[in-house]
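The active site, nucleophile annotation in TrEMBL covers A:Thr196. Look at TrEMBL and you will find A:Thr159, A:Lys185, A:Thr196, A:Glu282, A:Asn404, A:Thr409 tagged as substrate binding site.
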There are 2 protein chains.
Amino acid sequence: MRTIEHWSVVEDGSVTSPLGFQAGGLHCGLKKTDRNDLGVILCEVPAVAAAVYTTNVFQAAPLLVTRDSLKDRRLRAVVVNSGNANACTGKQGEEDAFAMRAEAASVFGLEEGDVAVASTGVIGENLPMEKVIGGISKLPAAAAYGTDGAEQFSQAILTTDLVKKTACVKLTIDGHEVTIGGACKGSGMIHPNMATMLAFVTTDAAVEPEVLQSLLVDTTNVTFNMITVDGDTSTNDMLLVMASGLAGNEPLSPAHPQWEAFAEAFRYVNESLAKQIARDGEGASHLIEVQVEGGNSDTSAGAIAKTIVGSSLVKSAVFGADANWGRIIAAAGRAGEPIDPSNVDIKLGPILVLEGSKPVAFDEEAALEYLKGDTVQIFVNLHGGAGSATAWGCDLTYDYVRINAAYRT
Amino acid sequence: MRTIEHWSVVEDGSVTSPLGFQAGGLHCGLKKTDRNDLGVILCEVPAVAAAVYTTNVFQAAPLLVTRDSLKDRRLRAVVVNSGNANACTGKQGEEDAFAMRAEAASVFGLEEGDVAVASTGVIGENLPMEKVIGGISKLPAAAAYGTDGAEQFSQAILTTDLVKKTACVKLTIDGHEVTIGGACKGSGMIHPNMATMLAFVTTDAAVEPEVLQSLLVDTTNVTFNMITVDGDTSTNDMLLVMASGLAGNEPLSPAHPQWEAFAEAFRYVNESLAKQIARDGEGASHLIEVQVEGGNSDTSAGAIAKTIVGSSLVKSAVFGADANWGRIIAAAGRAGEPIDPSNVDIKLGPILVLEGSKPVAFDEEAALEYLKGDTVQIFVNLHGGAGSATAWGCDLTYDYVRINAAYRT
């Protein structure tokens, strides 16, 4: 709960809002339409970098390359293609991912180890490398400071997302203005064979390398790891953050007096991006936010929150505007976490529906109206401890089935 | 894999097929229509009994009563109502469940500790006890040997299942004919607020009490615990087995020379019931069976099989007749189990689609035809060990959403 926000939102800000970053995008031929399918974020100095990757056993080839480049926690660029995930592509796929890195390093005049690679799209098909290499050679002309380049990049990373997803805040640290921007894509595994959640966050803050990695891990645990669209984790998920340091502040670490402010601003950006992904879940018509408090621990509360927001029956009930606490409590009870079954409260938005595990009378009309709103909040108080957590998801609709049941006739 | 079946299927057999069992059902007023909503299984001798219950933290009141009756592993009767789960009903619910037991014991002339109770239906509403007690008083007249009583019972336990679900086999042990019959209900949490999977298995085999409990636990782990319709576990799930011993065989235990034959026949009945539940999953148009072999262990293979068959994307793909191995492999990879990502084979029925983690060309027409069949089998070979497991589920369809998104206008 934030009572004082140390940051302010930058409307229409994105990955090029922090000092030192250019971005760009173009169409190189991976997508059938002429939509952008190749993009780049470029930093004019070696940026301190950190990343987190999917825990899926099947890791797409680009992740191998990016892990290699991130060994020294420094990056100058990340090249991203959509339309092809370069996943389950064997040795050829690995060679292709390294070739993407090599070409990008070449055309931008960089060391290969300063370039990361990401891919999203169809699984199991090799990259058409002539198109990719050809596209990369045109990226330097496409990369630019400012909003146009950022817009091109945001479009380049989308697969069948309905909307681009960006976020940006600024705050003051050591008297210097620091900006944090981000762009992401994904809404679960949206389209037959397409995968992935990708997020790119840039900042001009000066941050120590190991500190940035820790912050990313901690922040991911309460943002991107707390969203579920359909429970699936792709082969390509990756979150990458680059910090140019050009804001000129004293390098941030937990010892810095304004560390908390920075960490909260960073969390806000990631949370915003994560919620946008959940809201754009395939077929979704509602964002669902589940807040659990009174759990044994934050981890326990988190497991319960994710189980509730991931329950097909809870998701369907939201789609149907059904104030159905029975499904919420049943989902909570199967999360594998300890709960005192006699002392659970549940609220749907402002409407109390269960108190001390006993149903309470409520205004059905008011509940129906509330459930028709774009965001549906479910509050669960377990009265068991100090653990709390929030998870996000979306409703389960006919469109989800339509989008995912692709008839191949 | 069974090469020799020691048993034979008894067509239209059910819970009254084994010696010593009567069953019955009637309408007492819990359901709005005049469908049966109260049933009983009665054994003319104290049957050796065993049960397994939901692991959901929220355990419905009837489970408390049944656990109490099963302390001595003996039962004479089980009374079941549908239309109301008597779950999340607090102290009143517990009193009502004990009152059901007391009334049943009274009208059948039994000790209370020899009677079990089960309920299924709406969560969070107290039982209308006048109707229930009134109905129980009429059960002795309804209970009968033979198929009519069993049919009435099978109907009485259904909530919104489309079909009743029964299974029955017979085999010879020590020269005595032994029969195992069963009836169940459930297809996940089918209807708003309705819950539960209930299964009742009867046999006339003589079995030692602790042995029957162990057998039930082991069998449940590879049958009912390996089905998933929508991932939800209700507050009322219960499996109950009663063994009258009237077949006259030497009491069965793992030391008995025909133990394996009995255990396999028992497993067949439970597996049949479990698969019928999966096939009757809300909105389902296909049964999906996932067989995993080459896992590190049976448990590991089981976790992977369940993750695949529970994946919304795999389920949608089956609905859409889409031969989509990318989703299958992504689901396998997020099961949290070790897998060598470079050596996975996947077959859809007889059609090989992935070999050594490389896609293989296949006849798309043949795949489409195969996927239109009622049962879709997915075979996954991980080439990692000797672990194997099978899990069952169903496709995700528009009807699932329609059934579960109940507009409350």
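Cβ coordinates are placed from backbone N, Cα and C, and glycine is handled just like the others.
TrEMBL feature annotations superimposed on the structure.
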residue  : record                   : DSSP (3 states)
A:Thr159 : substrate binding site   : coil
A:Lys185 : substrate binding site   : strand
A:Thr196 : active site, nucleophile : coil
A:Glu282 : substrate binding site   : coil
A:Asn404 : substrate binding site   : helix
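Taking only the Cα positions, the spacing between A:Glu282 (substrate binding site) and A:Thr196 (active site, nucleophile) is 13 angstrom. Between the C-alpha atoms of A:Thr196 (active site, nucleophile) and A:Lys185 (substrate binding site), the distance comes to 8 Å. Those binding-site residues from A:Thr159, A:Glu282, A:Asn404 lying by chain B, with Cβ under 8 Å from one of its Cβ atoms, are A:Asn404. Counting every protein chain shown, the Cβ of A:Glu282 (substrate binding site) has 26 other Cβ atoms within 10 Å. Least crowded of the recorded positions (A:Thr159, A:Thr196, A:Asn404), judged by neighbouring Cβ atoms within 10 Å of its own Cβ: A:Thr159. Of all the Cβ atoms in the protein chains shown, 29 others lie within 10 Å of the Cβ of A:Lys185 (substrate binding site).
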